[in-house]
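Chemist: Could you have a look at this structure, given as structure tokens, before my questions?
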């Protein structure tokens, strides 16, 4: 019997583990996106001065913009490389050790950024951003996996979704640190780019004290005693037989199976709809236009009468908005379910994208339209934070088994980073080509994603992997009714047995 005190200790251990992993994990993704806004002009000047000192060449504006675009976009390519590395690293080193080793990329990148100005090398900034991207790519894959495998079933969604909360917090933190009064001034931009080392140091000092993923310890390493010890530390009480039996059942189902490779999932019919779902939802997370809405933020704020000096403070409100929405999603995801939050988020984004387009079309004719545009920016970000931002990272943990999970996260992460790079490259052309209608494609993507999720994605809230697998089995082998019925009966009996044990 678990006492209240022990239960409190359990929650504290789990919360501290989540904070330690996330501070040096997904927080870095949001932070490293946000800190690049403040020093844009200063770094572009540095690029021009470097060319002038080395080769006595005065660059044209478009040439400086090209180098700056490379600096910004290389972060996405680094993230793609990190996503591809994440799967093999988690299999080889484990979830926790992978996060710790990931700081090698972070510290190397921070050192290059810190010394780039003294060395007079913009190439060091490019290499730094690539290494920081690798760090973010690994974190975005490994951390939700670590959380999902460590949390109890009834908290799995909320704990995994905390990755998005820390990502949004990283955006806010980066916006604050990037203020001119702190590190966003001309004399401090190199320190701003290297400031991401501080969260990394915090993780290196704290994460070693927390246990490895219990599922990894038992299923991958076959160490039952270590698994039980990890569960006791994370729960603060004796391990419930039902929870251990569920992990043992998954171990039995995957016994003798080696970890899957990403390309093997594409030819495996038993995970067809799981893979389709992960690819569509991970891609939609970047193709929905949330990052692009920030592009319009400064323009809309100016049109609303906000002075240039005050825009940097109002911009912090956009990050705070997403942070607040992610916290709300964290509180609601175990009540409303994954499918409800995802579908609702994408539908709301569709509506606000249409309203935003109308506001842009009529802002020259109606005096209060810029204020409507400003409201659309905040509501669009709120809708994103309430659904896609948080729930997307939970899904691979819940719909793939232990042998396929690293490969699934590799595919999901690759799609996310690849689409982030694509959107970053084509959005300026969308703006120039479609003008006020540039958010119509994003509205279409959001609507299509909402329809797919509502029609095809089963709810996973509070369900065991066996029950989730049985639901996807019916979709993957549609038409084989007798076989499906037998499997459904088997899994329902398994659920009944677990319920009786509780």
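Here the Cβ of each residue, glycine as well, is placed from N, Cα and C on the backbone.
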Chemist: Need the matching range: TrEMBL marks transmembrane segment on one of 311-333, 472-494, and I'd like to know which.
Modeler: 311-333
Chemist: Looking at 66-87, 132-153, 154-175, which one is transmembrane segment according to TrEMBL?
Modeler: 66-87
Chemist: In the same chain, which residue numbers or ranges, 6 or more beyond the ends of the transmembrane segment (437-457), come under 8 angstroms Cβ to Cβ?
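Modeler: Same-chain residues near the transmembrane segment (437-457) but 6 or more away: 273, 276-277, 280-281, 284, 287-289, 292, 338-339, 342-343, 346-347, 349-350, 353-354, 356-357, 360, 388, 427, 430-431, 475.
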Chemist: Using a Cβ-Cβ cut-off of under 8 Å, list the residues of the same chain that are 6+ residues beyond the ends of the transmembrane segment (368-395) and lie near it.
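Modeler: Contacts of the transmembrane segment (368-395) (Cβ under 8 Å, skipping residues fewer than 6 from its ends): 140, 144, 148, 156-157, 160-161, 163-165, 167-168, 277-278, 281-282, 284-285, 288-290, 293, 296-297, 300-301, 303-305, 317-318, 321-326, 328-330, 332-333, 338, 341-346, 348-349, 352-353, 355-356, 359-360, 362, 412, 449, 460.
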